[in-house]
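Enquirer: One structure, pasted below without further comment.
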Amino acid sequence: FKGGDTCEYLLSSGRFLGEKVWQPHSCMMHKYKNSEAKNCLIDKHIVFIGDSRIRQLFYSFIKLINPQVKEEGNKHGNILFEDKSTSIKVDFLWYPEVNSSMRQRIKSWTEGPVAKPHIIVAGAATWSIKIHNGSNEGLTQYKINITSIAPLLEKLAKSSDVYWVLQDPVYEDMLSESRKMITNEKIDAYNEAAVRILNSSSRNSKAKVKVFSVSKLIAQETIMKSADGLHLPESSRDTNAMILMNVYCNKIMKPIDGSCCQPQPPLTLVQKLAFCFFTLSIIGYLIISLIHRNNYRKNKSCTDLESGEEKKPAISPPNVSTLEMLLYSFCKLGLIMTYFYLCDRANLFMKENKFYTHSSFFIPIVYILVLGVFYTENTKETKVLNREQTDEWKGWMQLVILIYHISGASTFLPVYMHIRVLVAAYLFQTGYGHFSYFWIKGDFGVYRVCQVLFRLNFLVVVLCIVMDRPYQFYYFVPLVTVWFMIIYATLAIWPQIVQKKANGNCLWHFGVLLKLISLLTCIYFLSYSQGAFEKIFSFWPLSKCFELNGNVYEWWFRWKLDRYVVFHGMLFAFIYLALQKRQMISEGKGDPLFSSRVSNVLLFISVVSFLTYSIWASSCKNKTECNELHPSVSVVQILAFVLIRNIPGYVRSVYSSFFAWFGKISLELFICQYHIWLAADTKGILVLIPGYPMFNVLVSTFIFVCVAHEISQITNDLAQIVVPKDNSTLLKRLLCIAGFFSGLLLFSAMQDQSRH
């Protein structure tokens, strides 16, 4: 840990990921759009002063504001740019040498009535080398001139952002005869002089001239692509301009994926209260543990002084009380949440941008598939979508999704479309699993509903408090929560039709079908009525749960993307359970699901359907158009997979215990990745061990999986305590939870008001 000044790293160090993606050391760089650049630089005056290389940087910078700008005008003269809509002024002042003329211009900003620029970017040396024919006298004069300018720049740095751009190396083989004296050796000497002289008299860190040395590193990799050996290719100077934009704008705009130059966010009131709560839990647990340990020692067997024999303790070791279990769970959770905060809110660990390559996605996929096949075991039961099989399904899907996120594969459309099917498959299982439970058990009690809601939402609620994020930010949990409530409402409203009732009269099956058709109608209506959907979820307090960035559009988009698949899961469960009840399918160990002929035909159709979908998804050219079709066609590949996995008797009778283990903690893995495996709210990658990418991934993954497993156990323990089976006790707990959320909403409103 070298301190939190990521600006220094951004200006001085980094490396290329691939050909054009620059990765600063220790932090993430945001790619600014022209609208964002305008918002940041509104009413600002920026000046670039120097030679032709600075002019190149000037043009790349103003193209971030207005991409339509063309590089026209007098090359050896001043160039002025103004964006009238935002009152942004960007000037290039032609001063190719560090001399008295440049000094006079800089002095006018420090003493005269002229308004000081907000940002000054200066740099020059190659003309001095050229005019003096690379002589030592030229270098001596350069040192004298920059020594006279340095105090003026430091004076300006007290109120403005001042950057001195070091000279990039040249590609000597391509230089024209008139520039042959400009060698890399001379450039290094001039740069060394500039670095040594600038800030030599300034002790105040805020009044320092910022040395822009990262351009040298970029040029070392790209100067051979230069047209003349002196000037950088366009992609390199665009990178330099983007770095400048990040240095100045990140602290103003605070982009999630721009961690460079961003200060650590201050703790909110809710975060402070959470910190106090976890601290008290840890202290309380330690006190109770010490009391129990002392009591246990007192009651240990002691020697009978008269007989010389040991007496057995009258009291057995005490069982763990509910209070102790509660404090123990919150104690562990507090330590885990501290790790979450340090990873993704404190500027303690490094963060890096994602960079997609085919190998970074597909090679790990092959690894986990081999591991999954290696850990093959027999299932306890051979029913369609039995517990081991669904855990396995969740597990391998979750691992693929994790690899997709860390590799940045969302930029590759065929992979994106297949991952969308995996997310849809989770929701398909939601529809299938909850429908099957309510249909078979007929349990519509409050206890069941509260247990499911607690297990789904506990971790997310805690993270919303600790990480200061809205509920909708963890979009998948709101999605499965709402769909669970929809499934419950569909089956619980009058008339309540369950399997036991339907077995007595076949007409009840039509009643269930009518309910499912009604649900499909409502889904269809809401999917084509964005206004009605947004009105429903814009009412307070629902709006507090489903708004993101001030509106519910993100929630609408997520819901609409997989709007039919839960219905498909419910319908599949209904048809399967009806066939099972009438013994129309064979689920014996090793037996095919249907007769040999029917099984072979269905298997062939499933394989063709599966491959057809993959071919279509791989040929997608437009993400928006493919997303429009996805809700209707994703079920094709899901059903094809279910049939391929279950029709052959042998395939249905085995499962991968490796994948099933991950499947049991899939929800925790999906949520925890946001902050302790990825970084900057999934936009980047957490770096615990810099300089060793593979070792870093291994270490961070091990910690991440252990934490997810521990949180799963904590959630299960707390669910037994917070959601008891006794109805009167449960009612009291629900009132306490309602009070908790009312207080949370109140504190949240106070927090929002203080921010505004």
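Note that Cβ sites are derived from N, Cα and C of the backbone, with glycine treated the same way.
The domain 'NXPE C-terminal' feature in TrEMBL is assigned to 22-92. Among the features that TrEMBL reports, domain 'Cas1p 10 TM acyl transferase' is placed at 253-734. Annotation comment: TrEMBL describes 269-291, 325-343, 355-375, 396-417, 452-468, 474-494, 506-526, 561-579, 600-617, 659-679, 685-709, 730-750 as transmembrane segment.
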Enquirer: Are there residues at least six beyond either end of the transmembrane segment (325-343) with Cβ under 8 Å to its Cβ atoms? List them, or say none.
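Expert: Here the qualifying positions are 274, 277-279, 281-282, 284-285, 288, 349, 462-463, 466-467, 675-676, 679, 686, 703, 707, 710-711, 714, 717-718, 721.
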Enquirer: Restricting to the same chain and to residues at least six past its boundaries, which positions have a Cβ under 8 Å from a Cβ of the transmembrane segment (685-709)?
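Expert: That would be 25-26, 336, 339, 343-344, 349-354, 406, 665, 668-669, 672-673, 676-679.
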Enquirer: What are the helix, strand and coil residue counts for the domain 'NXPE C-terminal' (22-92) according to DSSP?
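Expert: Secondary-structure breakdown of the domain 'NXPE C-terminal' (22-92): 22 helix, 19 strand, 30 coil.
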Enquirer: Could you give the mean pLDDT over the domain 'Cas1p 10 TM acyl transferase' (253-734), rounded to a whole number?
Expert: 92
